[in-house]
Each structure stands twice: as structure tokens, then as C-alpha cells.
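As recorded in TrEMBL, the features of this protein are as follows:
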type     : residues  : note
TRANSMEM : B:27-44   : transmembrane segment
TRANSMEM : B:50-69   : transmembrane segment
TRANSMEM : B:76-95   : transmembrane segment
TRANSMEM : B:101-123 : transmembrane segment
TRANSMEM : B:130-148 : transmembrane segment
TRANSMEM : B:183-200 : transmembrane segment
TRANSMEM : B:236-259 : transmembrane segment
TRANSMEM : B:271-298 : transmembrane segment
TRANSMEM : B:318-335 : transmembrane segment
Amino acid sequence: MTNRLAPLALGVLLAAGPAAADLVFPDLSYRTGPFAAGGVPFSDGYQDYFTLVNERDGGIGGVKARVPECETAYNTEKGVECYEATKGDGALIYQPLSTGITYQLIPKVEADHIPLHTMGYGRTSAANGKVFEWVFNYPANYWDGASVIVKYLMDENGGSLEGKKITLLYHNSAYGKEPIPTLEALSKKHGFKLTLIPVDSPGQSQKSQWLQIRRERPDVVVMWGWGVMNQVAIQEAANINFPMDHFIGNWWAGAEHDVAPAGMAADGYKALNMNRVVDYPVFADIRSHVIDKGLAAGDGSYVGSVLYTRGMYAAMLAVEAAKTAQEMTGTAQIDAAMMRDGMEHLEMTDARMEALGMPGIGPEFTVSCADHGGSGMAIVQQWNAAEKTWVPLTDFIAPDAEVIAPLIEADSTAFAAENGIAPRCD
Amino acid sequence: MFYREAGDFKTSYRDDSQTFPIGFDRYRYYAVLVLAFAVVPFAIDDYWASAIFVPFLIYAIAAIGLNILVGYCGQLSLGTGGFMAVGAYACYKLMTAFPDLNIVFCILGGGLVTAAVGVLFGLPSLRIKGFYLAVATLAAQFFLVWLFNKVPWFYNHSASGQISAPARTVFGQPVTGAGVEAWAQYMICLVFAVVLAWAARNLTRGTVGRSWMAIRDMDIAAEIIGVNPLKAKLTAFAVSSFYIGIAGALFFAVYLGAVEVGEAFGIQKSFLILFMIIIGGLGSIFGSFAGAAFLVLLPVLLKNVLVGTLGWPTDLTAHVQLMILGALIIGFLIAEPHGLAQLWRVGKEKLRLWPFPH
């Protein structure tokens, strides 16, 4: 901290000179508690990418990025404390990696005018930029995820899910409940029977839930889990000999640490992913510029894992949005409002991802004033327990916009009416 | 020294039995009030409001509520989190069902509904005591959280099951929702905390409070001298739940703005508030404030010192924080089981006799 404070103090002393403050990207991480298993690799990836940009490229447009970290333990009160503690620092963007904290922060960022990026989590209807001016959830949201799972199952079952039984095993919180409206709409559309089974947070005991699953024998179990809940669910599924290839997690239930505790029994478990996991060239850069220099956020052991990659992907999207903002305004010292404009004009193309050393890490998408949601595409991957790798089964699958768009419209319009927000972008 | 009784004469019973019989204490109390009402609102920023003062005041209200039940009436309760949830959800339903109703009445309504629910779950206290009652209230905790998660009516069928506070104003100044100023958020909590603490202090030294304490000290003897245990216990549950309900309503509407019942009002909240009154001091209004301050401020202070000043990694700090807090709780329980309030009392007495201890 002292080495970070020193230039700051110097900056105050030399206030007459050109302002050269850092670009601040606070990291509301959680490295403790029942959700730490997912929080640690994500945060490592997020911070390491900023360190890489600083070390390799000399910062973003010549300005160094600074990533103050604050521990939330996935707890909303601590999340609010962290937000308030860091926002005065010139924060450009918040990515809390928690749906609960996101809900606390949405009204706050609208008031403070700081963008909030909830990548694949948070409030789904924030995809409507007309209502949620400061909230983004590209490249995909929960309802996209639910739709992609159903589309994948349709393909697996010859184009029809008529009469099939699908069980949603979900974390009994805002996070786990988010996909329910979509799945209900889809069950009406495609004629499958949906059963909802909640698991109370954090989810260490799921005996009764799996007893119910064993009794009802659903064709597919879809899981919306996070943290310790995933590991327990996969172990319990193995215990009742539930066929693993009929068990699909969402993208927060598909990392190495979720399946590893069950060992070989987890072989064949499927999960969504919004970013491909390949040995990208950028990992070599991270190893040489960050980890070998001793600058890694963690111990460096997570490089290349699912959530490390996703954290890095989140940081990359933030950096690209910042670059876009710098290009648009012609100034390197962007503020939060410029960052928002940069995010609204973000274009992720295959060429750009390739140039960054991570070809095909995510789908191509563009963000606009009205659409903060991105393409919503995701892949389905499968765990190979012998090789200890996630094997992609599909290319990026597009969600069913016909079902999702009206749901987003309805939810965000209701939010706008409740809070007296006039739609923008017209 | 500061604490002296020489020259501090009482000529009426009224003077002698006031809350702060020592002159210095009384002036300090007024000074704190002046500071809280006339200085802090002008100096407060978002961080001090959301991270420190607002949670402190809200937890203090909840701690007073629990202290009335546990400290004054001797009934154990582990249902605090659940009762806070009742306050929050009742307040939410009132806010959304009657958009024109002033938020103050929604919060009071949340308290009243919680009082009713508290009485309901207090009924077993007429038959069972101690640990058995603690388990009965534990059932309330789990039942209420489950109920608010299960029945969509309580969260107005929102997709996520979260409740979010719409914007409401007091005298034209927003106190909930997005456009809240730090001082407004602080002031509404302060007004509630001061009025409720004042009411609690006066309740506990009146007839009702004495009947609670009689029940606490020995229920059979109390019954023999004419205290109605049914009335005493149920009023204690009602008043206690009223306070906790108001704390829950403020916690949801003013402090966080959106809550998820399992996360915000889980069993940890019950334990946290129980620790507050144990550390602060059972049967003491000042102790409720001291305990709330201890458990709200200490983690923030430790975090700011260890991460902010010493630059420790955040995860190490979080673990060290737990260890320090745990050690302090154990230390307190061994060295001073009556909590911070007792330390304060002993310190005061020593100071009054100083420099001639006997």
C-alpha cells in the first residue's frame, strides 16, 4: 500500500503539474466464506489482467490501472461498505460478482453515476439500457443461459421436449430464482414439465432435495448453484447414481473445483460457459509478465481455469471499454461517465479478441445505448474426469430472443414505473 | 475529578431517580445528543453513513429490542433475524400497497406487525423456559425466513425474490430509494434510535419494566407477589419484537434498499445481535448501544487498519478479523460477563471515589 500511496502523495504535492491519476478499477472480491472457491480464481484473473496491461503495455492508453481490493465475503452489507469505501477513489466500474450485492448497488450507481458491470449475473432486466442507464450485463444474462440450456436439450432430444421432466435445482436466493420466469415460459412453449427444488444457502446439506430427485426421476436436472452448493450437488448426484450427462449446471456451476471433489464420479457432468477455456497466448504473457515477476494477485495456480479465465475476460472487457472511451473522448484520463459511454459503444469482434491473445474467448457482440445485454450466447461443456478438462460440446448457441425480450421488457418497464424512470435512448 | 458527587445535591425523589443522576453523566449525554443532531449531519458523507452510522443505529435499535426480552425479562430468543425480516417485509408490503403513506408510518407499521408475530411466537414462553424457549424461537427464525422465501405474495412476485424499497420522502426529503442523501439516511435512523431508546429506558424503570425484571429474577416469586406472568412475558415479547421489527424495517428500507431474506435475515443475524447484547451488557440500554458499536465498528476499523494502513491481503485480514473478534468475545465473557456496560459502571464508580478508594 505504501508504494501505492507514495505516488498519490507526490501527486498531491505536485498538483500544479499535469494530473496523472491512475484509472481505478475496484475489485469487490471474496476470498473467504462458502463462496470463496469461485471468488478466488475470478478475482485472481481479474487483477492479473490489469497487472499484465500495466506491465506489458504500460497501462491503458498510457495510464496505469489500479485495482484496490475489498473483501465482501459475498455479504451484501460488506459489499455496500466496500462500495462506499472505494467509490470516492475515482472508481470507473464495479463488478461485484454477486447478485445480492448487485441489487444493493443498482440504485447507488444510478445516483453516483458509476457503471456497474454484472457479467452473466445480477439483475437480468438490466439488459434494457433504456431503463438501466448505468448497469450492464453483457455478454449474457441468466435468462439467456436458461434459454441456451433448453435449446441445447432440444437438439439433444430430436427437436422436442414434449412430455419431458426437467428439474431446476437452485440456490434459494435472488441468484437462483432469476432463471425461473424464463424456464416457466419455455416450459409452456415447449411442453416440458418443470419442477423447482430450492437449496438454502450455502447448500451443504441437500439430502432431501436429492431424495426428491431420486423419487421423481426427472429426465434432466438443471442446476443454478454457486460456491459450496455445486460440489455437494455433484457428489449427491453421484451418490444416487443420477446419470451425469443429464445434469447441466449454469455457467456459475461449471468450474474445476465444482467437479473435482467427486473425482471420477463427476465424469460427464455438463455446464454452460460464456467463455471458452483454451490455453490462450495471453496466459503465456500473464505467466511471464505477472506471475514470474511475483506480481500475481494470488499464488498463480489458477491460470487457465474456468473462473480465472472468466475473471480475466471480465477485466479484458473493462479494459476494452476504457480504451473505447479514451478513443471517443481523445483523453486518456477518463472518468466514470466516459467509461459508461465507452461500454455503450463496445464492440467485441473476433479480430479484436485475437489481437488481444485470446481468440474466440467469448461471442462477438456489440453494446448500444438501448441494449446493455450483449449477444447472450453460451457454449455447453462437459467434464472429462480422467483428463481433468472441460470439453466443449457445442459452438456458441444463441438464446431464444422471442421468449426473453418480452420478459426483459416487462420486468424493466415495471422497474421504471416503480422508480419513476423515463426511458432514454430515443 | 470529573466524577464527583460533592456539590451534586438532590432535593427531590424525582432528581434522585433520574436516568443520569451524576451531573457529569447528564451533561455528557446532552453533549452526545447535540453532537449527534447538530454536528454529525453536517459532517457526514456516504461512507460514514452507509458503512458506520446507519448500521450502528439500526443494530442498536435491534439490540435494545432483544435486550428488553433477554436482559430485562430473562426470556431467551434466537429469532431476532426472523423478526427483523417480519419488520422488513411488513414495511415493504405497506410501502407498495399504500404508495402515499408516509414512510415513518410504514416503518411503525412494520414494528406493529412484528409485535403481533412476536407475541404469537412468545406464547410458548408461558410453558417453557431457557434453552427450550431458545429452540422454540429458533423455529420462528427458520420458519419466517422460509415463509418469506416461499410465498411470492410477500415479495410481490418479483422475479428474483428480492424486495427493493421504492423512493419515499419525509418532509419532502428522500430517505429511501436511489436519491438519498447521507444525512437524511442518518437522521431518520437517529430519530428512531433516540426516541426508541428513551422510550425503552422509561419503560424499563416503570411498572412494566419492574414486572419484567421480577419475572427474570424469579418467576414463581414474582407470581406470588402479584405479577401476572402472562402479561409480563407477552408484553416483553411484544415490545421487544416491536423494536426489532422497526430495526428490520430500517435495515431494509433505509440502510440496504433491497434485501434477500436468507442472506440478510439469516440465523447469523440472530447470533450477531445476541452477541451485541452479551458484549454490551444484558439489561442495559447503554449496553445495547455499546455492543452494537463494538460489533459494527470494530470489523470496519480492523479492516481499515489492516488493509488500508498496513496493506495486508484482504483474505488474511478477513480471517484475522474473525480471530480477533472471537478472542475479544471470549475474553469479555471470561473477564467481564456483564459486558461493556458493567465495565463502564465500574469505571465510573472508581472515578467517583478516586483518589480515595476504599
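Note that the numbers count up from 1, one per residue, in the order the chain is shown.
Even glycines carry a Cβ here, placed using N, Cα and C.
If you look at the transmembrane segment (B:318-335), the same-chain residues 6 or more away from its ends with a CB under 8 A from one of its CBs are 275, 278-279, 295, 298-299, 302-303, 306, 312. Counting Cβ pairs under 8 Å that are 6 or more residues apart, the transmembrane segment (B:130-148) and the transmembrane segment (B:271-298) reach fewer than 3 and are not in contact.
Across the candidate stretches B:50-69, B:76-95, B:183-200, B:236-259, B:271-298, the maximum count of CB pairs under 8 A to the transmembrane segment (B:27-44) is reached by B:183-200. Looking at B:50-69, B:76-95, B:236-259, the range that has the most CB pairs within less than 8 A of the transmembrane segment (B:101-123) turns out to be B:236-259.
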